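Chemist: Can you keep this structure in mind? I'll have questions shortly.
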Amino acid sequence: MAVLLLLLRALRRGPGPGPRPLWGPGPAWSPGFPARPGRGRPYMASRPPGDLAEAGGRALQSLQLRLLTPTFEGINGLLLKQHLVQNPVRLWQLLGGTFYFNTSRLKQKNKEKDKSKGKAPEEDEEERRRRERDDQMYRERLRTLLVIAVVMSLLNALSTSGGSISWNDFVHEMLAKGEVQRVQVVPESDVVEVYLHPGAVVFGRPRLALMYRMQVANIDKFEEKLRAAEDELNIEAKDRIPVSYKRTGFFGNALYSVGMTAVGLAILWYVFRLAGMTGREGGFSAFNQLKMARFTIVDGKMGKGVSFKDVAGMHEAKLEVREFVDYLKSPERFLQLGAKVPKGALLLGPPGCGKTLLAKAVATEAQVPFLAMAGPEFVEVIGGLGAARVRSLFKEARARAPCIVYIDEIDAVGKKRSTTMSGFSNTEEEQTLNQLLVEMDGMGTTDHVIVLASTNRADILDGALMRPGRLDRHVFIDLPTLQERREIFEQHLKSLKLTQSSTFYSQRLAELTPGFSGADIANICNEAALHAAREGHTSVHTLNFEYAVERVLAGTAKKSKILSKEEQKVVAFHESGHALVGWMLEHTEAVMKVSITPRTNAALGFAQMLPRDQHLFTKEQLFERMCMALGGRASEALSFNEVTSGAQDDLRKVTRIAYSMVKQFGMAPGIGPISFPEAQEGLMGIGRRPFSQGLQQMMDHEARLLVAKAYRHTEKVLQDNLDKLQALANALLEKEVINYEDIEALIGPPPHGPKKMIAPQRWIDAQREKQDLGEEETEETQQPPLGGEEPTWPK
């Protein structure tokens, strides 16, 4: 049934003689199915003539579209005739099923034609070619499967062997029941061939196989053993099983083995030729599929996707990549001046800053084919696949030129090639990189394929990849500035239902999140919306944004983690020490919030400072940062005369600042104005240092002096303000969370003047105006979060 269905759906008839198709015009060809007058087609007398003729006519007319080749027409006719004589109802079901599949495919083609309406002519032509390639591939697959199915069916039909049996099965299931007709002994193979009577019943079922093989240990005494078994079964002499011997020589066995091997190789060659393993275009073989580049095609002409106006911030980066778009749209402006557009651009920057987003915008704006592929998709465990995929990618790009090729995370294939010094190498990655270098700037390079790549690890890229002529333009996308963060916040806030306008929140949130990437900002906006929905608010409030910022910075409050009274007291004095030192010193940031609620990031409490967009730091500013970080440890020592492990992260920060001041910033008098790069660990954790062991000891000594000086200064600040430290700790134990206004009410204003806080004047004026006018917020516009009124920003 399956073979016949494949025959009907996959093959087409060519010219040449052959048996007449069974449904063609002519005389009736089978009993029980008289021919309908004037048509010569069979019909079933048990069904209504009108309905049957109409349905059968449609089915047979559809089947005529799938005409058979001369090679298999005779086989198909024989199968159909046998099937018809044995079970005509099943034949009708088969024809009806084939008609259903054919009409279903016709409907699917009509749907595809309807979908293609309204598309551009280029898109419709491209879609047509793609469908033709797919249809050709499917036809080749069906032909291959058909050949395999027919060969296996014929071999199975011609073979009468039922497999191997044991001596016990032979005696009890065949010999004792009288099913054995004769046996034939093959001495060279120690095999006995057992031939059964037609229609023999073996193991309780009728068997079509009439020959079984039996392995015998002592072939010379087989006949004697057989006669003894017949005597035990009381078989008469006239009914004894005849035994014959078949001897094959060495050359006969060799010829048989060579012939079977040749037949198998011929079948494999034929299958591989049909499948395209010989390199023919359009092949569907597994190896060809592995060699093909798995890129994503972005069509900017569809009008969908990300445009430059959707990318907030990154003004300089957008200006640089826009030149590629302008060149592809109107190259004559550049060519008439003799200018050459760069061959490629490398987008650099920290994670989450929008490198891939900018590439998506280029894909939409360029209005040319955009082939995107990730770097890790080039490398596989099979050698040579990476280079093959690079060739496949650029071959497709040159066919679609002008075109843009985008490789995301290019560091996966663009790492520096190994040298003889290292002793380690990855040949597959190096071959992939070499092929990429040749395709980007080699003998067959064209000027109409532009390469964009992105990575956040430019330091490990190979120098040949970074040189002019390949990735000759390096676009650095840094963390967004204050203005860029405000634009990014406004872009993400547009999709949220806010209590106020998006510009009402964007400025404060931008000032509250220095050092945040675009991905972090998107995460904050999403967390605020999720929190508002979880709390049942009808719009996103200020408290929701504060919760989102706090969650990103310190994690979610872990209320299930209950601290003992002693631990709560230690944490309260620890965080109060940080807050008090930061409050009393001049060059430290303002304390926004102090909490002793445990967090999911393993922190038992935190003091949230207001960070600043600052790129230059003086020695005094760095020193006071060290003092503020040591405030928790010093507060524990003064309050309890012992220290805990809670200051581990603080000590790590202090150590990093101290060594940076000594080794990189040249701020240690004993070392002088010299700078060394950060330590780079090599193989086995061993790094090469550009300074001597003696200088290392001097730098260690200077760093220890800085840390000791900062700790003494911190202790002095806390000792002079023990009452304020106690007041802050008691307030934390009572409320668990205090903010800027609470601290100012407890210990007074900062001694060096008010700290810089985020309080836009329009926010304060809006709050005062609402209080003066006595406005009442309705539930539809503003629902009080967490059962209370929405708090104002700290002043």
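Yeah, the Cβs are placed from backbone N, Cα and C, and that goes for glycine too.
Here's the feature list from Swiss-Prot:
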- GLU575: active site (ACT_SITE)
- ALA312, GLY352, CYS353, GLY354, LYS355, THR356, LEU357: ATP binding site (BINDING)
- HIS574, HIS578, ASP650: Zn(2+) binding site (BINDING)
- 109-133: compositional bias 'Basic and acidic residues' (COMPBIAS)
- 108-133: region 'Disordered' (REGION)
- 701-795: region 'Interaction with PPIF' (REGION)
- 751-795: region 'Disordered' (REGION)
- 106-144: topological domain 'Mitochondrial matrix' (TOPO_DOM)
- 166-248: topological domain 'Mitochondrial intermembrane' (TOPO_DOM)
- 270-795: topological domain 'Mitochondrial matrix' (TOPO_DOM)
- 1-43: transit peptide (TRANSIT)
Chemist: Give me the Cα-Cα distance between GLU575 (active site) and ASP650 (Zn(2+) binding site), rounded to a whole Å.
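Modeler: For GLU575 (active site) versus ASP650 (Zn(2+) binding site), the Cα atoms are 11 Å apart.
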Chemist: Spatially speaking, which of the binding-site residues HIS574, HIS578, ASP650 is closest to LEU357 (ATP binding site)? Use C-alpha to C-alpha, please.
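Modeler: In terms of Cα distance, LEU357 (ATP binding site) lies closest to ASP650.
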Chemist: Long-range neighbours only, meaning 6 or more apart in sequence with Cβ under 8 Å: which ones does GLY354 (ATP binding site) have?
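Modeler: Expected: VAL311, GLY313, MET314, ILE477, GLY518.
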Chemist: Provide, as an integer number of angstrom, the distance between the C-alpha atoms of HIS578 (Zn(2+) binding site) and GLY352 (ATP binding site).
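Modeler: Counting only the Cα atoms, the answer is 31 Å.
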Chemist: Using Cα coordinates, what distance in whole Å links ASP650 (Zn(2+) binding site) and CYS353 (ATP binding site)?
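Modeler: Cα-Cα distance, ASP650 (Zn(2+) binding site) to CYS353 (ATP binding site): 28 Å.
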Chemist: Return the count of C-beta atoms lying within 10 angstroms of the C-beta of HIS574 (Zn(2+) binding site), excluding that atom itself.
Modeler: 27
Chemist: For the Zn(2+) site (HIS574, HIS578, ASP650), what does the 8 A shell look like? I mean other same-chain residues with CB within 8 A of the CB centroid.
Modeler: GLU575, GLY577, ALA607, ALA629, LEU630, GLY631, GLY632, ARG633, SER635, GLY646, ALA647
Chemist: By the DSSP assignment reduced to helix, strand and coil, which category contains GLY354 (ATP binding site)?
Modeler: coil
Chemist: Between THR356 (ATP binding site) and HIS574 (Zn(2+) binding site), how many Å separate their Cα atoms?
Modeler: 42
Chemist: Just to verify a number: CA distance, GLY352 (ATP binding site) to HIS574 (Zn(2+) binding site), in angstrom, no decimals.
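Modeler: GLY352 (ATP binding site) and HIS574 (Zn(2+) binding site) have their Cα atoms 33 Å apart.
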Chemist: Fewest other C-beta atoms within 10 angstroms of its own C-beta: which of the binding-site residues ALA312, CYS353, LEU357 fits that?
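Modeler: Fewest other Cβ atoms within 10 Å, among the binding-site residues ALA312, CYS353, LEU357, is found for LEU357.
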Chemist: Around the ATP site formed by ALA312, GLY352, CYS353, GLY354, LYS355, THR356, LEU357, which additional residues qualify by having Cβ within 8 Å of the site's Cβ center?
Modeler: VAL311, MET314, GLY349, LEU358, ILE477, SER517, GLY518, ALA519
